[in-house]
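**Q** For reference, the structure I am asking about is given below.
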Amino acid sequence: MLLLLLLLLVSSSTAISILPNTSISLPDPDSVADHLHRQVELSHRRALLQAKDQRQCLTGNPIDDCWRCAGTDWRSDRQRLAECGLGFGRDALGGKGGNLYVVTDSSDSDPVNPRPGTLRYAAIQDDPLWITFSADMTIRLSEELLVNSFKTIDGRGADVHIAGGACITLQYVSNVIIHNINIHHCVSAGNANIRSSPTHFGYRTRSDGDGISIYGARKIWIDHCSLSNCADGLIDAIMGSTGITISNNYFSHHDDVMLLGHSDDYLPDSEMQVTIAFNRFGEELVQRMPRCRRGYIHIVNNDFTQWEMYAIGGSANPTINSQGNRYTAPSNPNAKEVTKRVDTEDGQWEGWNWRSEGDVMVNGAFFVASGAGVEAKYGLASSVEPKSVALIDQLTRSAGVFGGTRETDTTGGPGTGTVSGAGGAAEARGGYGYLEIVMADRQICGVPERVQLHVAMLALQFGYAGFHVVSRAALNMGISKLVFPVYRNIIAFLLLLPFAFFLEKKDRPPITFSFLLHFFVLALIGITANQGFYLLGLENTTPTFASAIQNSVPALTFLMAAALRIEKVKINRRDGIAKLAGTLACVLGASVITLYKGPAIFTPSKSLNQYIENSDHHPSPMLWLKDPKGKSWTLGCLYLIGHCLSWSAWLVLQAPVLKKYPARLSVTAYTCFFGVLQFLVIALAVERDYSAWIFRSGGEFFTIFYAGFVASGIAFAVQIWCIDRGGPVFVAVYQPVQTLVVAIMASIALGEEFYLGGIIGAVLIVIGLYLVLYGKSEERAFAAKEAAIASMTNAEHDSIRSSNVTNFKTSSLAQPLLASSSESV
């Protein structure tokens, strides 16, 4: 009974509790409905905005869309990048899952014991690391940076340059990602101890000076880097490296861009697999984009805007699968072919599997395919689904470092944050970011490189000016005009031989009879005729006017290149008018020097002349400086014109030879060798006085040694360095300084008089030189504007093509107006 009573009480209380509490006010049903409608509408609008933003973010580039359009801020989700890889290097994890390391110290003073906070300290750690940078910085590596496995070097959000020193080496490591880094002006280093891990350091021999050297490494991804101006290759992958993706990079200002494979005989490279995708190959590139020795290479959706020799090369039966690329050929009619089988006869490469599928050829470019089209082979060389070549501008628009010279859109899409750093700074610095700062800052003994270059060029002009005076002194002493160049070129050959042999081992093709014939002709024109005419002309004129008339060589080179249709002249543009006017001024100046001597307008002090005259009666060291009588001025000027013509012809003829035999030092050494043989044969046949081969005084020995060692050795090396660091135009503008220095030296040492005709002619030639240089500068500016066409939208590009504007570069000969060396005077 008690239990029943309790149950009744519980039931009553429950019933009471579920009754509504009429004292509490309920929301109005209409307001609830309105609120619901507002929430739905707001949600719908947000969805539409998000979809719109997502469409704006999407670029069509699958790698960039993966991490830039993820809907999150990439700064808080940097490691998502590791999920976005494509191609053969798609499995590269980098530092995914590891700690975030921030580089705060740009120094690299100790490669054995790096300081915490430096890039080297992070790169050598054993654990996975995702390496970022606290601010814009330029890192000048004292020795090559040995990067350990499972590392990501992520330069997003900062303007990071590795430049002016050694660069990056990935040796026997795996899972490395290098992203958004400027790499340029890398130099050879080594012969030093370098740490490669926290527990190991060892002695490293001399490195080649590659931008990124991949040596026996796997699972490597190089993305959105800008590479240029390195001592050797920009990217080299050798010694069995595989599983590599090279994507979204911008390559420029380099000769040997990319090498894949150690040597033709190294069989482990046969399994190499490399993807080259969405890259842009920009201005002033020559060859190797890439050169493939062996393996399976997928070249997909790249924009090749320029080459001087060829774009894609191979030498040991690689499989090359080219899909959806745009190849824009240079103006040079001899360099239209995209492909080159390096050092290989026609019958050897016909079975190689090289195909072009969906590529577009611009300005006469053509791809020579080969092989039976074995799908199994191409399957091993396929890694990314190619997109239509019509999208190439969109796919490669952001190639290179974000915010650098190739990236104008720095918004990064919605929710991804802004990729900051290089954009405005690079633009303010003239488009090259930290390049100019690095060049200005590089120092030797506290002297900035810019000062070094000017000092070197001034010293160079004194060296060559001394050669003019010394050569004249040698002739005045009675040294045979045939024996003198024999000894000079023997010294030059012995100087060049070791450098050519050791420095160009990788680039020197096997010698053939055809190459020997080319070298013989180059020697005949560039050594025998060139130096022979020079000595005959110098004997009948003066060192000052011999130097002055040499200023016409760039204009004559341009004239020959135009006649051979290597150089195009557009007389409706400033550059064409300037080059034509400069050439005419040089020709007019040379004519004035030859045909009109005029009165003497300057005569050295009487005391110096009297001293020289007295040396006839009182032998002294000044006897061999005396100006001989009985000269034929007109004949001497004609000889010097022949000297300039042969020099110009030598420069023009070098271009096709260097395309087939891309080893400049070796070509010069072979040319010197055949020049020695030619002069030797002529001298033995003509010079009957065998005592002419014997040095009769220390003065004779000095003149020959100076000509061979200084003019053909030290000065040649200094000029190559100055051209590399300052550019050929920088070197060329100093040429008239040589004429001024020669005039001063000749006036003091030889008592040389200056005549009105020679002064007028020299001034005209110098004006012509600077007009030609101005025209060349304007030509580059026009070429840059035309090259910008390649980065326009497809509609704009098609519109411009319909107007027959397809030549993106007006000249393809490497510096056709400028001598790469003055060695052969």
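Heads up, residue numbers simply count up from 1 along the chain you see.
The backbone N, Cα and C atoms fix where each Cβ goes, glycine too.
Given the structure is predicted, the values throughout are model-derived calculations rather than measurements.
Heads up, here are the entries from TrEMBL:
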type	residues	note
SIGNAL	1-15	signal peptide
DOMAIN	136-333	domain 'Pectate lyase'
COMPBIAS	412-422	compositional bias 'Gly residues'
TRANSMEM	486-503	transmembrane segment
TRANSMEM	515-533	transmembrane segment
TRANSMEM	545-564	transmembrane segment
TRANSMEM	576-596	transmembrane segment
TRANSMEM	632-653	transmembrane segment
TRANSMEM	665-686	transmembrane segment
TRANSMEM	701-722	transmembrane segment
TRANSMEM	729-748	transmembrane segment
TRANSMEM	754-773	transmembrane segment
**Q** Which of 486-503, 665-686, 754-773 shares the most C-beta pairs under 8 angstroms with the transmembrane segment (545-564)?
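**A** The listed stretch sharing the most Cβ pairs with the transmembrane segment (545-564) is 754-773.
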**Q** Quick one: find which recorded stretch in 515-533, 665-686, 754-773 has the most Cβ pairs under 8 Å with the transmembrane segment (486-503).
**A** 665-686
**Q** If we skip the immediate neighbours and take only residues 6+ beyond the ends of the transmembrane segment (576-596), which ones have a Cβ under 8 Å from one of its Cβ atoms?
**A** 545, 548-549, 551-552, 555-556, 558-559, 569-570, 634, 637-638, 641, 644, 756-758, 760-765, 767-776, 778-779, 817
**Q** Look over the recorded stretches 515-533, 665-686, 754-773 and say which has the most C-beta pairs under 8 A to the transmembrane segment (632-653).
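**A** Between the candidates 515-533, 665-686, 754-773, the best contact partner of the transmembrane segment (632-653) is 515-533.
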**Q** Which whole number is the mean pLDDT over the domain 'Pectate lyase' (136-333)?
**A** 95
**Q** Six or more residues beyond either end and a Cβ under 8 Å away: which residues meet both conditions relative to the transmembrane segment (515-533)?
**A** 481, 485, 488-489, 509, 639-640, 642-643, 646-647, 649-650, 653-654, 657, 660-661, 667, 670-675, 677-679, 682, 824-825
**Q** Mind checking which residues of the chain, 6+ beyond the ends of the transmembrane segment (665-686), have their Cβ under 8 Å from one of its Cβ atoms?
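**A** Beyond its ends, the transmembrane segment (665-686) has Cβ neighbours at 480, 482-483, 485-486, 489-490, 492-493, 496-497, 499-501, 503-504, 508, 515-516, 519-520, 522-524, 526-528, 531-532, 654, 657-658, 712, 821, 823.
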